[in-house]
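Enquirer: The following block contains the structure, expressed as structure tokens.
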Amino acid sequence: MRLVLLGPPGAGKGTQAQLLSENIGVPHISTGDLFRTHIAQNTPLGKAASRFLDAGELVPSTLTIDMVRERLTVPDTQNGFLLDGFPRSIAQAEALAHTLGDRGIKLNAVLSFVIDEDVVVERMLARGRADDSEMIIRNRLKVYAEETAPLLDYYADQIIAIDAAGEVDEVNRLTQMKLHNNVGTR
Ligand code: ADP
């Protein structure tokens, strides 16, 4: 099963991706986590990416796309993957389509986590990550609206919308149910 998870920052995508990855047995690939690991290890990519994460800006697409392409060559993605935080722009979505197309594969679905902006700001302030100050949160929401939200149209015919306002377990139950009804167990 090859899935993309979409949703504003703070929608709980990462948490849901983790659970779903266990449910369906495919790796959870979070570009945010990959960048944070590079930054923690002070790699050249980490050095190049850190100021963008600090500002709540998108890391330039070339860096991001190369990192994802490489991750998708790891054999654990053979039976599928869950992409969390990628693509985040039309250019990234086109690059992904290209990469998958070269291998003769396609996405099975795009899960869209739907939630109110007020709720996401509250959640992010509560979790207290380094880039979770109010000003940077606002910038991430702005970047989401401008760069990422257009993907809802781009992927229109593959989208499965999920109400992400409930408790973690409830959202996971909803996600599994909708996935089962729309895609089955590929
Ligand atoms: P959230 O979903 O809460 O915004 P993430 O962990 O997904 O958090 O992303 C954190 C930061 O990592 C983003 O604000 C951005 O700087 C960078 N980032 C993650 N994914 C991408 C991507 N696909 N393209 C560019 N930058 C990215």
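A Cβ is built for glycine as well, from the same backbone N, Cα and C atoms used for every other residue.
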Enquirer: According to TrEMBL, Gly10, Ala11, Gly12, Lys13, Gly14, Thr15, Gly166 bind ATP; which of Arg51, Arg69, Arg71, Arg127 is also listed for that site?
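Expert: TrEMBL names Arg127 for this ATP site.
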Enquirer: Ligand 1 is in the model; which of the binding-site residues Ala11, Thr15, Val59, Arg127, Arg129 have a C-beta less than 6 angstroms from one of its atoms?
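Expert: Close enough to ligand 1 are Val59.
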Enquirer: Using C-alpha atoms only, work out the spacing between Gly166 (ATP binding site) and Glu57 (AMP binding site) and round it to an integer in Å.
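Expert: The Cα atom of Gly166 (ATP binding site) is 28 Å away from the Cα atom of Glu57 (AMP binding site).
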Enquirer: Name the residue among the binding-site residues Lys13, Arg127 whose Cβ has the smallest number of other Cβ atoms within 10 Å.
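Expert: Each of the binding-site residues Lys13, Arg127 was scored; lowest Cβ tally within 10 Å is Arg127.
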